[in-house]
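Asker: Below are the features I grabbed from TrEMBL:
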TRANSMEM  B:22-44  transmembrane segment
TRANSMEM  B:81-98  transmembrane segment
TRANSMEM  B:110-131  transmembrane segment
TRANSMEM  B:137-156  transmembrane segment
TRANSMEM  B:168-188  transmembrane segment
TRANSMEM  B:212-237  transmembrane segment
TRANSMEM  B:257-286  transmembrane segment
TRANSMEM  B:298-317  transmembrane segment
TRANSMEM  B:329-347  transmembrane segment
Amino acid sequence: MSKTDMKPTAAAAPSLAPGVRIGQVSFVWRPWLVLVSLVLAAGAFLVFCLSIAVGDFPIGLSRVVATLFGQGEQVDEFVVMDLRMPRALAGLIVGIALGVSGAITQSVARNPLASPDILGITSGASAVAVFLVTVSGGAAAALVGSVGLSAAALMGGLGTGLLVYFLAWRRGIDGFRLILIGISVSAVMQAITTWLLVSADIRDVARAQAWLVGSLDGRSWDEVRVAFWCSLVLVVVVSAAAFPFKPMHLGDDVAAGLGVRYTRVRAVLLLCAVLLAAVAVSAAGPVPFVALVAPQVAMRLARCPTPPMVASGLLGALLLIGSDLIARTALPVTLPVGVVTAAIGGPFLVYLLVRANLRRS
Amino acid sequence: MSTTAVERPVPRGATEVRRGRVVGLSALLASLAFAAALSLAVGARALSPAEVWHGLFAEADPDQRLTEIRLIVQTVRVPRTVLAVVAGIALGVGGALIQGYTRNPIADTGLLGVNTGASFAVVTVIAVFGFTNPFQYVWFAFVGAALAGVLVFGLASIGRGAGNPLTLALAGQGITVFLMAMTTAVALTDQKSLNGLRFWNAGSVAGVGFDVIWPVTGFIGVGLLLALSTLPALNLLNLGEDVARGLGVNIVLSRAVGIVSITLLAGAATAACGPIAFLGLMVAHVARYLTGPDYRWLVPYAGLLGAVVLLVCDIVGRLVVRPGELEPGVVVALIGAPFFAVLVWRGKFKSA
């Protein structure tokens, strides 16, 4: 434990945010960011419980919470744990994964439009899934039967992400090159998807189209368990790598001067972002927009200069579960969750932009 | 003159640079003419140059075979060639302009919501009126594209931070994804519009007649004129807003003209062919690599490149899966993307 670090020097400006140091780890104490994150966490937990409570067999919120902590009645236990929990958990995990993944890619590329969609991960997963749905051959059908559409999509997303990464590698990873390569690979994948859709039978097309929008329908515990453990490991790696990543917002040269091996940190973080996005897509389909909008909204709510990772993940979860809740209950026709995330997230992002513009005047 | 000075690379003079650019422009025009000729000759039925010539200019002929050739050339090959050239120019110029105005090197005309505005209009009119023929919904597509462009630009220019490139790009994404979701919602609940959408979405220059092409060309012509008028101001804007204002550029006016021009170009092209993604983005980068950052050269290069690429992709699409066809929108991505990726990898492009 070091002991001298907390002493403020006379030269430091009084308005500087206070630093906190625990052993080797130090960070800036930003009360507003912590408050926003706490509020978002509470909001995410609330919609999570609501999502479990609402349905054909409504359960009171207090009973949901009691059941979650293992003190519910037997009937509630069955409905909550066996029927509704997988869906709500899938929403939670996918939302966090997409939010964190978006925050990473936007920070690394230093471009707010750089979401996993741009890096081709979602379009690669989609191309593989649509191929399996529309090409009704013996081999494809057998593959779907044995490994499942989700696993195939996971491999597709992961493969495309790695392809983009290795194509963009040239004595290191440069954010701009990464984006451009991502756009071109993504264009190829979308072209393949379009081609498959044009040449396929209309019934298959409707099935593929429904998968392409992203949905939380009919998740099982098995799928959720895989997504949960994958995301947990990845989030732990990300939080470890996030500390050396901080100074990189100041530019590569400054980061190098502060002793950060930026190429390696960036590679680890990007790989995690790719994996997180691939896990999310395999669990829920290519739910659009969460990865783009959650970091941008979190950044504006928390008044940070760069997307904050924790708040982005929480906001992603809030957005996804909330949208799923609306898609299930509030709409006259049942729509996949992806339609609702975009319908809510898009206007909200525009609203934040307009408000920021107005405030500046 | 000392001997050491001779051994250094001599900086090229202004006249030499200009000569190089003029030569490049002529080469592009020549390849455009060649590709157009090829586009008339190639297809499910290959024609010799003499037959193409005959088909273009001969009057009615007693010979049955020649009449048939005349029919193929005049009603099928000529319209799709003209449309590919016009739409290619529009998308190329639109792509270069939007990268200039948003100062975002990954900006695409899709960013203003133009493509999704058109898609949304298409599925909506198919679902509501039951249109099945592209002739009927192309006008709605254009209106949808224009409305989306105006909406995005209008939202991004409320308040003081008006026209901030980042705000424009993000507002564009917000509206784009919203419209995309609405499009999917309609398409998923109405199978007819899903069916119409998937063909329109692929991006094709075939099967559109001159009754659509002439008006579309008119809109694109106006868009091109506006684009030309704004190029000097665009050059100055790229030096930074303060510099441009200091040099007497009316920033609001030139930005508004630019957005109107982009909307006309991309909207008309998209309405006639469906969304052809990636073309504008790609040729804008290639044009910048060839000419440097001067938009008075970059924009014409991007336009001609767009036309050549779209024509070639349409021809390739006719050849690879004969007797069927592969939509040029698909071919653009399949051919263009790897080529573009190689250029990116070799470090040819700088961030705007």
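Note that Cβ sites are derived from N, Cα and C of the backbone, with glycine treated the same way.
Where the annotation comes from TrEMBL, it is an automatic prediction and has not been curated.
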Asker: Do the transmembrane segment (B:298-317) and the transmembrane segment (B:81-98) come together with 3 or more C-beta pairs under 8 Å, pairs six or more apart in sequence?
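Answerer: Between the transmembrane segment (B:298-317) and the transmembrane segment (B:81-98), contact is present.
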Asker: Looking only at residues six or more beyond either end of the transmembrane segment (B:81-98), which have a C-beta under 8 A from one in the stretch?
Answerer: 32, 36, 39-40, 107-109, 111-112, 205, 208, 210, 213, 216-217, 220, 223-224, 227, 230, 234, 258, 261-262, 265-266, 268-269, 272-273, 276, 279-284, 287-288, 295, 298-299, 302-311, 314, 328
Asker: Grab the same-chain neighbours of the transmembrane segment (B:22-44) for me: Cβ-Cβ under 8 Å, and only residues 6 or more beyond its ends, written as numbers and ranges.
Answerer: 51-52, 55-56, 72-73, 76-78, 80-81, 84-85, 290-291, 297, 300-301, 304-305, 307-308, 311-312, 314-315, 318-319, 322-323
Asker: Near the transmembrane segment (B:212-237), which same-chain residues lie under 8 Å Cβ to Cβ, leaving out any that are not at least 6 residues past its ends?
Answerer: 79, 82-83, 86-87, 89-90, 93-94, 97, 100-101, 134-135, 138, 142, 243-244, 247, 249-251, 254-255, 257-258, 260-265, 267-269, 271-272, 293-296, 299, 303
Asker: Between the stretches B:110-131, B:137-156, B:257-286, B:329-347, which wins on the count of C-beta pairs under 8 angstroms to the transmembrane segment (B:168-188)?
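Answerer: Maximum Cβ contact count belongs to B:110-131.
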Asker: Count, for each of B:137-156, B:257-286, B:329-347, the Cβ pairs lying under 8 Å from the transmembrane segment (B:110-131), and report the range with the highest count.
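Answerer: When the Cβ pairs under 8 Å are tallied, B:137-156 comes out ahead.
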